[in-house]
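Pulled from TrEMBL:
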- C:77-96: transmembrane segment (TRANSMEM)
- C:128-147: transmembrane segment (TRANSMEM)
- C:159-178: transmembrane segment (TRANSMEM)
- C:183-200: transmembrane segment (TRANSMEM)
- C:212-231: transmembrane segment (TRANSMEM)
- C:292-310: transmembrane segment (TRANSMEM)
- C:370-402: transmembrane segment (TRANSMEM)
- C:417-436: transmembrane segment (TRANSMEM)
Amino acid sequence: MLNKTIVKLAIPMAVGALALTGCGGGDSGSGDAYKIAFQGPLSGDNVQLGQNMENGIKLAIDQANAEGDLGFEVEYVPVDDQGLPDKATTAAQKAIDDEDVVAVIGPAFSGPADTAAEIYGSAGLVALSSSATRPDLTTKGYETFLRAVPNDSAQGAGMAKYLANKTKAEKVVVVDDKTDYGIGLADVAEKDLKAAGVEVVRQSVPQKTPDYSAAAKNVTKNKPDALIYAGYYQDAGPFAKKLKEAGFDGVAMSGDGTNDAQFIQLAGDASDGWLLTCPCTDATKEDATKKFAADYEKEFKQAPGTYSAESYDAAMMIIEEIKKLHEDGGVERQALVDALRAAKYKGLTKEFSFDDKGEFTNQTIYLYQVKGEGIEYQGSIDELAG
Amino acid sequence: MSLSEFWDFLVLGVVLGSLYAVIAIGYTLVYGVLQLLNFAHSEVFMFGGYGGLLALTALIPESTPSGVGSVAYVLIGMLAGAALGGAVAFGLERVAYRPLRRHRAPRLVFLITAIGASFFLYNLAGKLFGRNPLPMPSMYENKKVLSVFGAELTITQVLILVSAVAMMVGLDYVVNRTKMGSGIRAVAQDPEVASLMGVDIDKVVSRTFVLGGLLGGAAGFLFGTNSQVWYTMGFLPGITAFAAAVLGGIGNVRGAMLGGLVLGVVETMTVGLWGDDWRYVGAFVVLVLVLMVRPTGILGERVGRTA
Amino acid sequence: MSIKTSAAQGAGQDSPKSATAPLSAAARLRKVHWYQEPRWRRLGALLALAVTLRLMTGEEGTTQDLFLALREDFTGVGLWIWLAIAVAVWAVREFLTDQTSRAVEGTKKVSAGPLDRVRQVWSADKRVRMGVLTAVLALVVFGPLGVERYWQQVLVDQIAIFVLLAIGLNVVIGWAGLLDLGFIAFFAIGAYSAAYWTGALPVQPPVALNNFLVLPIAVLTCLVAGVILGAPTLRLRGDYLAIVTLGFHEIVYLMAKNADGVTEGARGVKVERFSVDLGFFSYEWKLDPMPYYWLLVVFIVLAIFLFLRLEHSKVGRAWTAIREDEVAAAATGVPTVRYKLMAFAIGASTSGVAGVAYASKAGYFNPENFAILLSILVLAYVIFGGMGSIPGVLFGAAFLVWLPEYLREWVDPKDRYMYLGALLVIMMIYRPQGVLPSRRRKRELRMAEAGVGGADATGPAEGRQP
Amino acid sequence: MTTETVKKEQGPAGGSAGAGELVLETSGVTLRFGGLTSLDNVELRMRRGEVLAVIGPNGAGKTSLFNSLTGAYVPQEGRIVFRPREGGEHSLLGAKPHVVSQWGLARTFQNIRLFGALTALENVKIAAETRLKTGPVSIMLGLPNARKAERASDRRAHEVLSYVGLLEKMNELAGSLSYGDQRRLEIARALATDPEVLLLDEPAAGTNPTEKLELEELIRRINTELGVSVLLIEHDMRLVMSVADRVMVLNFGKKIAEGSPSQVQRDPAVIEAYLGAVAEEDEAAVAQAVAEGAGAQEGAGSGADTDTDTDTGADAGAPQWDTEEHK
């Protein structure tokens, strides 16, 4: 009974809590304002990825607004799909319903992209994804879907090429993490490796497996020359540790999902020597990128994560196109779609341009390697693998 | 699967299983005294991981300690994990379960409260500590120290085995030999008679939760050391450990230990034979089959009797 | 039922009188320290609550600096504000009890009068009931036309689908009292049936069918799946049944995820949408959510109509009997296993309909749509609303699906489920019978509180004593 | 099992028609729980139309015998045969409880087990419609046969309720009825299954003298008017002596005597068993008094917690394995 009383007493406090938290936000400024929405996992299991991207976009918008020469205000609208296809339609609708939204960055994941892209298409609203890499998304005729990232085919092919030609591996274990991204990447790598005459063992280790030691044993028992892990750094970290414990001594390789400083933090010295591919140019060396990382850390008290820089680029590119249209008189959703399709933009991570299906045209893949405490740039795969 | 691989996977399974066993004890203890499924125990486990992580992050120096230092840090981490786990379990009982017990609410209501508490706790942890996984600071050089049938064990794995066994033996002693244990057994057997005999049921229930929480928290720390710590880390091991408790015969402490080991070994063997994606299929198929044959688990549901 | 508290107080007052020699040890044990007094315990609890609320509303933590949120939360002004509120609330409660309780009573009196009258009119006149029901139905059918398209989407994709699922689960748990933690497995089976029979899976069906024709097939498939799962497991009770159903769900989910050659695995499946072509009349459901909504409303109304008949029939009574006392039910001649299977199968087939509807609306789904968490959530919807009562279940599902969407506007979306969890806990402490409980259920709970019966069939397995 | 729908009871003639013929017969029934032998080689012969009482001290195995007869327990050894009126025989050993009920054996429980949240009428209807063959589909579609069946069970339930005198209370919740009414409702529920043998487990426990008289009358009427054979467990010797045709005495799971009430009353083995039990009952009374005292002092909700089993003081001291709970 005591507790019931306490609960009773808690109600006024809860009301207070709502009042306190609800008082955030509020309208700001006047004049022209355009909204850029981001659709991705802002809650649920994959929230960290969504947060990486959201922060990148927010940073871009804040910086653009701070420059002061835009002549208009850019606002940010989050729409949350939890990374789930069934929530994606609702999320997309939310962006569409807000008439000031002129562009959407996302959907972040391929599954949600598949359900939402059609709705965006019918609303004439551009959906520019900086992370949905499943190859078939651009072949389904979604009218306003643009992909600002090379699809899995390019990266998987790059991995296969490097291992077959440069490492001269004879047996490769390809491990995916059972996500859209991992499976897509692993499929392509597997296919290309086989085409190059390399023996491939395909395995799957679902994300968030409680114990990676058995998975590591499964890899080493095949005695491969090389390993490709298609997944994100959260899982690559413990996996790398367990691989080292299991005595794996071949070439270990992973994709852009793992190409992140936090991989080293999670895996410790087990990450040493891992090869990481990425469609991005050297993210740590150039001054602009360094500044980005510094700004990001200052703003959000954490280091940029997977897709932070890509999303930043996407937002900057969109803002630039909005600016051009704005100067020409006004920004319409459909006009922005057309403008972006034709856009060429050099961002932090890569140069952006699209073909007529909305596919990213620049399919160069670069190679990095973990050395000590950092990820070092090696060069483009095509050059390295000859 | 060759013989040496068999031993490799078996040993890995036993290590994982002993972790499951320790968590499963938390489920089974609470079930013993309240006949309810403490769904939020997985969050107790998760907070145990964070407890160890917080303490070690605050205390551990830049370079990896060695010798006595390592032992001390391991102990600190485990105690911190156990303490936070116990505290969360205590709070959980106070806030979420005690009022319902007063109402003699049906067990389904407890289940929903537990689910609510679970949502609340893991999201709170995510909010407080961020949602990225974190590794446990390294307390020692994780070398291989032991070889069993050709399967080599690292310090972490030995640590898990030794502490799990120690905790299980300790718990068995507490439940069977101490006054507190006899209170738990009395309540498990028949709360009404126990209260007539002068047992303060509230106190016993609270202590049972804390006891389960201490073990769950320590297990969380060990799990984090073996893998990493993140805010939803409790979910899958929680479900598996719950299955283990049921498999062994829920309410039966030794059953929970056995069930944990069995599920750990089955899971790892499944991974060895068919790959990691079938891990839980193997575990649950075994669970269902065992329950078909023995509807109250391997050792049977002997609440509090042999406890 | 505050026996403990009053007993503690009583013991405190009576101890001088009854402190005879042999009891003194026990009396010492019962001695109440000042901090154990209810008043101070309440203060302590409120302070703890204040700290919790501070943590809930405080700084967002990061993995970069593990202690950031804790440091900010405990050093900032916010904590003191919360603590002050807590103390103020406590003081009002402790020292101004009379005034506040008078005020509370006043509002109660005001609200009780008209409510009773409404209730009387409601139960007395059938025409009023029909009128109100018609109005509600009209509102349900046409009301959503007036809301934003976003909410229309929420209504279709989430609320309507989950309402249908909750109605199905209510049969299993609310009426037959079987704890099913794997209900979404049947949802998945329904969705994959739709994919298979419309030819969307790698394995081709003998004939590709229209989505509507898949409905009866999916119902049958789920019925069979329900029986297959149920037949061997129904002799298990309570928690054993719960874990086996959970295991069943996990197996179905992992099959969907891993059997790439059959289900496309994690890549997901693209399914055609609903369409009708009768020669003289043809219609295609496209992107507009409303046509789907009306279709789903038809399904829901149909399900409610059929199930209400069941509830007040032989079958419903038999379920109640099994739920209340399985031994007595069997001794009365109720074939318990048959009825339990029936509940399983009926619930499962409803879920199957939802699965087909969902697949044919979204046009694409993958195994993540059938994660284990959803099974648990649907269960929470049913019990929150009031298990066993159709209005309750409708409300529970609709409200709890709507709430997180609504909370988005108010709190950080990442924290929504934290608030939802807290709400579940508070609700269950306050109203264990749910928001709109069924009459039978309410009586069972009242009797359980008075110490008669266990109020659900999920009690410990029979025969736990040797 | 019959395919008939509900039909009216046969006339009062049934009582004597098949007299002498065995309706229920057990031989060598032995039931063990772990190390405890609850029933030890029990022989029971019940003639059609008689009222047979089973008596014995607490823990003698009476309820275990009932549970074995109705399929709730499966004895390790022995034979239990039920011979229905229309001929043939059924082995009850290990039969499913609901099947036993449909064959024609209905029972009540020592600690009343009604469906408390349902009304009296609904309780009886559940029993009345167990033999009706309407599936869920016809109910959902509201087909005519489903409606007919509903009406039939309604009628039957009304009949039975008026037979036991509960018609005016039919819309009250079973859980809120008085103790005596609950006992009668349980009998009504059993009667509604149309039984040939009615097993009553301490029907008079906890009822007041007036209710006891009514009960006595009811049992007699059921036996003579409806022709139902009655197997009765009862502690109240006055009731046993007045309604039973024959009495069987169990002690420690063994049959120690059988015969007419007056014969049994004089049997030295019975007297000894009961004298022993009296001492035990005293002990039990002491134990309960102590317990109550402790409960009052502790006050930890024990008063509200104790179950319905407060009917006889002896129960508290009875060996645990004679309560209803175990199976």
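Cβ coordinates come from backbone N, Cα and C, glycine included.
Since this is a predicted model, take the numbers as computed values, not measurements.
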| task | Can you tell me which of C:77-96, C:159-178, C:183-200, C:292-310, C:370-402 gets the most C-beta pairs within less than 8 Å of the transmembrane segment (C:212-231)? | result | C:183-200
| query | Near the transmembrane segment (C:370-402), which residues from the same chain, at least 6 beyond its ends, have a CB less than 8 A from one of its CBs? | reply | 154, 158-159, 162-163, 165-167, 169-170, 173-175, 180-185, 187-188, 191, 246, 249-250, 252-253, 256, 304, 307-308, 311, 420, 424, 427-428, 433-438, 440-441
| said: Do any residues, 6 or more residues outside the transmembrane segment (C:292-310), come within under 8 Å Cβ-to-Cβ of it, and if so which ones? | reply: 137, 140-141, 144, 152, 155-156, 160-161, 163-164, 167-168, 170-171, 175, 274, 285, 316, 346, 350, 353-354, 357, 361, 390, 394
| remark: Contact set of the transmembrane segment (C:159-178) with the rest of its chain, CB cutoff 8 A exclusive, min separation 6+ beyond the ends, reads 184, 186-187, 234, 241, 292-293, 296-297, 299-300, 303-304, 307, 310-311, 316, 319-320, 322-324, 339-340, 343-344, 346-351, 353-354, 357-358, 361, 378-379, 381-383, 385, 387-390, 393-394, 396-398, 401-402, 438, 441, 456-458
| query | Short question: which residues 6 or more past the ends of the transmembrane segment (C:183-200) have a Cβ under 8 Å from it? | reply | 165, 168-169, 172, 208-211, 213-214, 217-218, 221-222, 225-226, 229, 245, 248-249, 252-253, 256, 263, 269-272, 347-349, 351-356, 358-360, 365, 367, 369-372, 374-375, 378-379
